Structure formats: C-alpha cells, structure tokens
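K.L.:
If you scroll down you'll find the structure; I have some questions about it.
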C-alpha cells in the first residue's frame, strides 16, 4: 500500500481495517483533489474554476436507508419510532464486506473536526473512494492546521464507498443504498449513493446523539451575531428563509445549518456551507452566488451551458442543486465559528394556510411546544392538480437527524432559554390575506423590519395582544410595518373563512403533538393552541 500526504503515521488506515487499499492519499489540498477528480472522470471544471460533479440517481439524502446499530448501549438512548434499527450481526457483515471492497482501490482520507468549540469537538476521519467527495467534506467540516495533522487522533470515522452495493438479505438493509451508524464504536458506513450530503449529515447525526449527554444542545439552525456580540439563532425547515434571513450585512454569519449551544455559548459544527443553487442569482443572494465562481467550490448536479457556465435556473437534473464551499468564502463570516449565549431565537415557518401572524412572542414553554412541533406548510405540486397547502411537522426542525427522543432536545432547549433569558419569536414567512392561491406571500421587507426590531430588542417594548388561536403574544403595531398584516384575520376578505382555516390548522397541531404529550411537562401542554377557541 502506497501512502501519500500528511497524517499521523501511527494511525494509518490499516488501523481501521483498510490496509488492502492500493493507494491512500491523506489530507490532500484542493488543487491536488481537483487533479484526481478530473483525471478519474469524477468531475469537470466550470468556466469560473469551480468543480462540478453529478450524483447519479441519488440527488438527495436517502432517509429510508439510514440505520442505527441497536445494541445494549443504544437500546434505551435512541428514539426508535423515528430511527431504523440494524442488528450487530448485520452491521458487522456490512462492515467486513466494505473493508474487503477497497482491495486494490485508491482511497482519499481527510482528518477534520466537527464542532468549533474545543471542549465539544468531534475529530473525524473521513475515508472516501472519490476525490470530489474528499474535497466536499473538506469544505464542509472544520480543517485543522496542517501542523496539527501529525498528531491527529480521530474519535469518529466515516467510510464512504459509493461503488459498494449493499445486499438487503445479507446486510439487513432496504436497498443497495445504506447509511449505517454505530454509535458504540463511533463509525458510519455509507454505501450505494454518490450524494455527498450523506457524509455531512452523518457527522450532524453523531453530534446530535453525543452532545445532549454533556448538556449541550445540538441545533439544526443558522446563526449570526451583531456588532455588540448579541447572537441569534434561526430555526426553520427548508423553504422558510433560514439562510436568506440570517445573511444580514449588518451582522456576522456564524454558520448556515448546524450549531451547538453549550456552557460558553453557541458554536458552529461546520467550517463550510452547503447552499441550494436552484434559481440562484447575483441580485438575490450575491454572497452565495460569488462562491460559485471560486476555485475550491464544489457544485452538485448543476447544468452547464456549452461554455461551461452554470445555469442555475435549470432544474432538469434535480431541484436540489447545491454548492459546497468553505465558510471563509463568505465575506462577513465569523473566523472562530463561536459566539456567546443567544439573545434571540427565531423560529421560522412558511404558513401557506394564511393563519399565522408575521411575528409572535413566545414564552419558554411555547418555544418548546413549537420547537417540538417543527411546523411549516408546503404547497402541493401542480402536477397533482392540488392547490391545498400541506402541513409539514418535522420535530426539532430536523427530525431525520435526531437520534434521541425529541423531548430530550426540547427540555434542554427550554432550560437554556429560561437560564439565559432568551427572547423567542415565531416568524411567519408564508402567506397573508388568505391561504396559498388566494393570499399573497408575506412581504420580505416587512419580515426584515420585524426581524430587525426583534434583534435590536425594540420589539419587546411595543403593545401586544394575545392570539385567540395560538395564545402567543402578537404586536399590535410596529414602526415601519403596515399594521394590517399584524392581524392575519383582518387581512382576509371573510373573517368566518379565516376562523374555519384557523380551526383546521389548530387541529393539525393538536393531532401532531399527541405523541409528545406523555413526555413533556404540564406547562408545555398548557402552551398548546386551543381548538375550542379556534372554533368560536
């Protein structure tokens, strides 16, 4: 086996059973990874110098193919209602078969870190068979100083072999694709998918499992910090404006997707960003757009024209086109990835039913309720001829990545909010004046004005009313914002229609929360919306 690059010579990949590989490249820098990826036919150069790769049939994550090893250690720790178990026997066979699969192959290894807080960091070794995967994960995680690599000791390992096809009968999985997590021995096996995002989310899943035991809250959120050191956290599902609203020229970006909240404040899990590029433009998102023209950026499934210029409006391969780049490609990004305890938490929802106000103040109990609910609404696909909105509840704003029971995360968040006296706001970026198809999208100008007032602390000083359906506090008037949109019922042509829609949405919240009722305190149950009120 020929080994090249910089690494801890005492801990080569033979120590994790991969000694049959023909060549191993440790911690290659972007230029060398470009050379390998292009030479091997894995990727092509764009006109501006980014690296473009295609992921084949898997253009997104495969949540139905993700498993967690069920053993004595994890049996009582994992929320099995939401996570698929794999037996130790099946995991061990899969592991051994994947180790045998690397015989004679060239492998790429990156030694990286998940977590910008040294006390809670997860040193991670990622072994891939593709050079572009190696560059992708190098962009996304935190890169140690080169001098530190000689002493690097991984506490977590990912083996990513897209060319290995799993056998459901032999390996206890569902298809040829598998993501198998062993949290006892801290290893994840990824096979049968070329989608690079599986590696990123495997580290996130691991930290979501490990950190609550240390009383550190893992969060699927973006975060930024103001000039006075006032940090803010933005929870929200896809399409709610999490990335757009946290990108504020007046504030420093800490990170766009994954963070922890511990004893000393909040910290990014990552050292890069994985941004959607469909319909990306220089006008709407100039900072993200600029990264797509940088050497070192990885583009996924983006269509190129005849001059190799990306066409971000072309979703013919997938709507989930992406770019992966280091955080330092963003001009106002934090160099440390850390900030103090948040002053403000924003929970974003895109309510297509037109019921929610544009902003509401939450108590700690209401914040836990809405965090566990993880509500947004999606507009049904036109190909099905359906115009009714579809409610989506993804607990903790990231159910696929939460191995533990949601109440564990919710209770931890509630305690941190109360201890640090954090202001919590629910912000609706969805519809006003009626549901989707009748009303209009919430004006981004109004959302930004309300957000600015919330982050500055000014919004706390205005007069509030109690929402009749959800019980949270809604501002009566805010300077610079049209007062009419603050009361959603008044924006509807017919108040009775609004009441019926509100009753419908409240019923969905109540039905969704039934599974959590036995796991939360009575004061959190008291924070639920009230169906009887909505029915009046």
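Yeah, the Cβs are placed from backbone N, Cα and C, and that goes for glycine too.
What Swiss-Prot shows for this protein is this:
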{"type": "BINDING", "residues": "61, 195, 201, 322", "note": "substrate binding site"}
{"type": "BINDING", "residues": "201, 220, 257", "note": "Mn(2+) binding site"}
{"type": "BINDING", "residues": "201, 220, 236, 237, 238, 239, 240, 241, 242, 243, 244, 285, 322, 447", "note": "ATP binding site"}
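Quick one: how deep are these features, and who are their neighbours?
P.N.:
Note: residue 201 (substrate binding site) has non-local neighbours 61, 400, 401, i.e. same-chain residues 6+ apart with C-beta under 8 A of its own C-beta. Taken residue by residue with DSSP, residue 201 (substrate binding site) is part of a helix.
For residue 220 (Mn(2+) binding site), the same-chain residues lying six or more positions away in sequence with a CB closer than 8 A to its CB are 204, 235, 257, 258, 396, 397, 398, 401.
DSSP classifies residue 240 (ATP binding site) as coil under the three-state reduction. There are 24 other CB atoms within 10 A of the CB of residue 240 (ATP binding site), with all protein chains counted.
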K.L.:
Cβ neighbours within 10 Å, counted over all protein chains: which one of the binding-site residues 238, 244 has the most?
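P.N.:
The most densely surrounded of these binding-site residues is 244.
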K.L.:
Hey, what's the widest CA-to-CA gap across 201, 220, 236, 237, 238, 239, 240, 241, 242, 243, 244, 285, 322, 447, the ATP contacts in the record, in Å?
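P.N.:
Across 201, 220, 236, 237, 238, 239, 240, 241, 242, 243, 244, 285, 322, 447, the two farthest Cα atoms sit 30 Å apart.
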K.L.:
In whole Å, note down how far the CA of residue 238 (ATP binding site) lies from the CA of residue 322 (substrate binding site).
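P.N.:
One finds 13 Å between the Cα atoms of these residues.
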K.L.:
For the substrate site as recorded (61, 195, 201, 322), determine the largest distance between any two Cα atoms, in Å, rounded to the nearest integer.
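P.N.:
Across 61, 195, 201, 322, the widest Cα separation comes out at 15 Å.
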K.L.:
If you draw a 10 Å sphere on the Cβ of residue 242 (ATP binding site), how many other Cβ atoms land inside?
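P.N.:
Cβ-Cβ neighbours of residue 242 (ATP binding site) within 10 Å number 22.
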K.L.:
Quick one: pull the CA-CA distance for residue 240 (ATP binding site) versus residue 195 (substrate binding site), whole Å only.
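P.N.:
The separation of the Cα atoms works out to 24 Å.
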K.L.:
Return the residues near residue 236 (ATP binding site), defined as same-chain residues 6+ apart in sequence whose C-beta is under 8 angstroms from its C-beta, sorted by sequence, else 'none'.
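P.N.:
Listed in sequence order: 221, 222, 242, 346, 347, 348, 349, 376, 397.
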K.L.:
For the binding-site residues listed here (61, 322), which one has the lowest count of neighbouring CB atoms within 10 Å of its own CB?
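P.N.:
Comparing Cβ neighbour counts within 10 Å for the binding-site residues 61, 322 gives 61.
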